[in-house]
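Worksheet: the structure to be examined is printed underneath.
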Amino acid sequence: MKTAIDVQDLVVARGGKEVLHGLCARVPHGGITGLLGPSGSGKTTLMRSIVGVQRVKSGRVTVLGEAAGTPSLRRKVGYFTQSPSVYTDMTVRENVRYFASFYGLGAAAADETIKEVGLQEQAGQIVRTLSGGQHNRASLACALVSRPELLILDEPTVGLDPVLREELWAHFRQLAADGATLVVSSHVMDEANRCDRLILIREGAVVADDTPDAIKKQAGTDDLDRAFLTLVQEKAEVA
Amino acid sequence: MSPRLTLSTTARVLGQLRHDRRSVGLLIGAPLLLLTLIYFMFEKNGATLDRVLLIMLGVFPFLLMFLVTSIAMLRERTSGTLERLFTTPLGKLDLLFAYGLAFGLAATVQAIVATTVAYWLLDLDTAGNGALVVLIAVGNALLGVGLGLLCSAFARTEFQAVQFLPIVVLPQILLSGLFVPRAEMAGWLEGVSTAMPLAHGVEALQQVGASVDATADLWRGYGVVMGCVVLALVLAASTLRRRTA
């Protein structure tokens with residue numbers, strides 16, 4: 001199995017506090033890998049390290065065969081930040097077209113992506129005037145527009161209604177089917193079941209790294225929430 | 001650096017400005033209002049009026065563009081868009097030069113309007129050509145942009161960013177020759193003012209006021225300002241960090 005992301009002994013401190021303590025993880029090429037863990041467990045820090053904007057203390061992050069943050073990776077990796085980061089004083093269309101321009105893509109690609117996230121009716125609207133969920137999707141469109149080989153999505157479905165969440169997951173599935181690798185963070189276990197693989201992290205360390213079924217089997221339960229708790233407890237007993 | 005990415009970013013910054021009519025109005029209107037105020041302050045004293053109007057035509061663009069740019073760049077940082085841009089092929093210099101180009105263009109409009117008003121309505125009289133005044137005023141505006149971008153790299157919040165105004169901008173205005181001609185300053189003070197880029201822009205403007213033809217001193221002053229602009233942009237790029245804690 002080809003590796004898309006390889007994280008070795010990653011140590012990161014933020015605000016004087018160590019967040020990741022020698023974390024090791026591997027994301028296979030293709031499919032959707034869920035990054036799950038409670039808030040504050042280090043999910044965002046790990047994702048920032050993968051896209052190369054996090055200052056790291058030690059360890060190695062290899063993305064698509066190159067060191068994270070290598071300039072050539074910026075064409076291949078799309079990043080969706082947890083708090084939507086688009087220009088709120090511009091329209092949805094202007095935002096997506098701007099991000100499309102970095103990859104030599106034109107208006108057609110931007111309009112297509114806007115349709116995919118279901119914002120065609122709001123395309124001409126200033127982002128500031130959108131609802132929270134729409135704002136989020138405008139930001140998502142900017143990450144999707146370049147059709148990156150690797151997509152790092154930090155809690156992309158937060159604040160979305162069930163219908164939209166379903167649509168977006170169907171879209172993520174489609175992207176994976178087309179050959180992209182997706183890493184999706186969430187703290188909602190219900191979303192974990194939709195992933196091909198899961199990395200469960202807690203307090204900056206990996207608790208489990210396997211398929212959802214294997215994790216459930218290992219913990220002897222059908223419920224991922226329960227499985228997560230069981231694995232955390234087992235880990236605590238070993239330590 | 002990529003010209004395509006620089007230009008698309010320039011268009012984006014100008015697009016943001018276009019959506020913000022009030023800011024555009026203030027950017028163009030505020031200097032006019034202040035120049036008019038100066039006109040009535042020195043109405044009775046033609047020589048002083050000419051001197052002060054001419055200097056202020058170069059100082060306002062510097063001051064306003066410094067403010068506008070440092071806040072714009074900070075907004076980019078606090079909104080998370082800067083971090084996001086750093087994960088795209090856009091280079092640091094692309095981003096900074098795009099800001100320079102976009103606000104330089106805005107400053108050109110501002111300078112043309114302000115200079116036209118100063119000559120036609122406020123009785124400004126210079127020996128040299130008014131087009132040179134516009135050219136130098138835009139250079140000073142770019143200096144404001146460059147220093148604004150550089151300072152915003154050292155500010156984490158808007159609160160910190162505005163504190164750079166009294167430290168970086170005011171001393172330059174005080175020592176530019178507006179209040180006391182630089183030649184009459186104590187030796188060490190004149191030395192300090194020589195180290196301040198704005199003083200050279202003001203010097204160039206005063207050359208337009210005094211000579212019919214563009215003098216060597218004028219081009220030297222303008223050259224120093226433009227050199228400082230490039231230096232500030234390159235320094236700003238080197239202090240901008242892709243990776244943050």
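Backbone N, Cα and C atoms are what each Cβ position is placed from, and that goes for glycine too.
Remember, TrEMBL labels are computer predictions, not curated facts.
As recorded in TrEMBL:
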DOMAIN    B:21-243  domain 'ABC transmembrane type-2'
TRANSMEM  B:24-42  transmembrane segment
TRANSMEM  B:54-74  transmembrane segment
TRANSMEM  B:95-120  transmembrane segment
TRANSMEM  B:132-155  transmembrane segment
TRANSMEM  B:162-180  transmembrane segment
TRANSMEM  B:221-240  transmembrane segment
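Within the same chain, the transmembrane segment (B:24-42) packs against the transmembrane segment (B:95-120): three or more Cβ pairs sit under 8 Å, each pair at least 6 residues apart. Nonlocal intrachain contacts for the transmembrane segment (B:95-120), taken as residues 6+ away from its ends with a CB within less than 8 angstroms of a stretch CB, comprise 1, 5-7, 9-10, 12-14, 17, 24, 27-28, 31-32, 35, 53, 57, 60-61, 64-65, 68-69, 72-73, 85, 130, 133-134, 137-138, 141-142, 145-146, 149, 229, 233, 236-237, 240.
Beyond its flanks by at least six residues, the transmembrane segment (B:162-180) meets 52, 55-56, 59, 62-63, 66-67, 70-71, 144, 147, 151, 154-155, 189, 192-193, 196-199, 201-203, 206 of its own chain at Cβ-Cβ distances under 8 Å.
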